[in-house]
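Copied from TrEMBL, the annotated features are:
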- Gly106, Ala107, Phe139, Asp224, Glu225, Val226, Gln227, Thr282: pyridoxal 5'-phosphate binding site (BINDING)
- Arg142, Ser281: N(2)-acetyl-L-ornithine binding site (BINDING)
- Lys253: N6-(pyridoxal phosphate)lysine (MOD_RES)
Amino acid sequence: MEKDSTYYLDKFKDVMAPTYGPQIVVDRGEGSRLWDIEGKEYMDLAGGIAVLGVGHCHPKVVETLKEQAGKLWHVSNIFANKPAIDFADKLTDATFAEQIFLSNSGAEANEAALKLARRYAVDNFNEEKCEIITFHNSFHGRTLFTVTVGGQEKYRSGFGPTPGGITYAEFNNLEDVKQKISEKTCAVIMEPIQGEGGVINATDEFAQGVRELCDQHQALLIFDEVQTGFGRTGSLYAYQQMGVTPDILTSAKALGAGFPIGAMLTTKKIAASFVVGTHGSTYGGNPLGTAVAGTVLDLINTPEVLEGVQKRRMIIEEFFAELNQEEEVFGALRGKGLLTGIPLLGAWKGKAREFLVAGLKEGVMILVAGPDVIRMAPSLIIPEEDLKEALKRFKRAIKKVLA
Ligand SMILES: *Cc1c(COP(=O)(O)O)cnc(C)c1O
């Protein structure tokens, strides 16, 4: 029997736990294009869920990985390695942070942030100061702690008992935070733009208000920038455009351009609570991941790339504005930079997935953010011509759904 997509998708159902339901089997990627195992081409506006900030197989990233792969893969954290220290040096230079903790994923970076916030409160205040305020609709990962801190019931139902001391407030409602925050609060955690929850921007006023409330109650402000970070919104991190500096920031997704790596960034004063033995990871900070992340940081953190993000967003904005002149299907674009959310209007609400599936047929990959929102998170350096070609394909998909 020939091993085509049907074979592999059947095999997938047979041997993989049923947590996912993929429709295609991808073989190869280059820049903003992918090919499935039958050779069909797709333009990639999904970016591996905001992971591929510099596209697939960027030559400089491949070169870094190959070079490091021939030199040193792993030593454990009992010993140090150069790529990790160099990366931490560069990342702290580029941000508010003075020290970082390295992990393998976004959930683990958040797990570290939440544990650190509690430990810091115990060290500097008292054991009662352990409550965490988070927001409805938020997403922070799939470990039991992060899924509980996440504000979407469906992701944690059936996994109890869950960790306690977590309070949910309404996003962009400062009054609600004011009512819920107290001297018992050790941290408030928020996404500058809720990604999985529907691409919903925190207003600058809200973020600034939360910052003030945290200061008044000596609580730490944690920004989960796993999705918004590493250039996605047009600055290295979203906080840099919001007039707010968090105490702890978490980063992953685009950090490794597909190589699994996460980071928790903070100040020396706060990091001091993570003394030897309090927290750790076998793979976190391994030379392969940190060498790659160092190269990705060099590629992304330049004025040309960051300004290019805005230019590309305009192309997407114009595309949907033009489509709307024919029929009002799409609401105003949400998100920032190349984290774009396009809400569906009226009768099209709830049908985001239909657009995704139709896109695949036309050779373009997009994302959804819940049932009502189309999401696009392409490479930050997607050539403008490629972006236009991808949107042209998506237009054909839209016409088919609407017909
Ligand atoms: C994707 C995501 C996470 C989880 O990251 P993983 O690497 O899948 O663990 C956490 N927070 C936000 C905001 C995310 O978008």
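The backbone N, Cα and C atoms fix where each Cβ goes, glycine too.
All features noted in TrEMBL, drawn onto the structure.
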| residue | record | Cβ neighbours (10 Å) |
| --- | --- | --- |
| Gly106 | pyridoxal 5'-phosphate binding site | 27 |
| Ala107 | pyridoxal 5'-phosphate binding site | 23 |
| Phe139 | pyridoxal 5'-phosphate binding site | 24 |
| Arg142 | N(2)-acetyl-L-ornithine binding site | 15 |
| Asp224 | pyridoxal 5'-phosphate binding site | 31 |
| Glu225 | pyridoxal 5'-phosphate binding site | 29 |
| Val226 | pyridoxal 5'-phosphate binding site | 28 |
| Gln227 | pyridoxal 5'-phosphate binding site | 29 |
| Lys253 | N6-(pyridoxal phosphate)lysine | 28 |
| Ser281 | N(2)-acetyl-L-ornithine binding site | 18 |
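Per Cα geometry, Gly106 is the residue among the binding-site residues Gly106, Ala107, Phe139, Thr282 nearest to Lys253 (N6-(pyridoxal phosphate)lysine).
Of the residues the record lists as binding pyridoxal 5'-phosphate, namely Gly106, Ala107, Phe139, Asp224, Glu225, Val226, Gln227, Thr282, the two whose Cα atoms sit farthest apart are 25 Å from each other. Gly106 are the binding-site residues among Gly106, Ser281, Thr282 whose C-beta comes within less than 6 Å of an atom of ligand 1, given in sequence order. In three-state terms derived from DSSP, Lys253 (N6-(pyridoxal phosphate)lysine) belongs to a helical segment. Every protein chain considered, the tally of other Cβ atoms within 10 Å of the Cβ of Thr282 (pyridoxal 5'-phosphate binding site) stands at 10. Separation of the C-alpha atoms of Asp224 (pyridoxal 5'-phosphate binding site) and Ser281 (N(2)-acetyl-L-ornithine binding site): 20 Å, rounded to the nearest whole number. Cα to Cα, Thr282 (pyridoxal 5'-phosphate binding site) and Arg142 (N(2)-acetyl-L-ornithine binding site) are separated by 19 Å. Closest to Arg142 (N(2)-acetyl-L-ornithine binding site) by Cα-Cα distance, out of the binding-site residues Ala107, Glu225, Val226, is Ala107. On the backbone, the CA of Ala107 (pyridoxal 5'-phosphate binding site) and the CA of Ser281 (N(2)-acetyl-L-ornithine binding site) stand 13 Å apart.
Distance noted between the C-alpha atoms of Phe139 (pyridoxal 5'-phosphate binding site) and Ser281 (N(2)-acetyl-L-ornithine binding site) is 22 Å.
Of the recorded residues, Glu225 (pyridoxal 5'-phosphate binding site) and Ser281 (N(2)-acetyl-L-ornithine binding site) place their C-alpha atoms 21 Å from one another.
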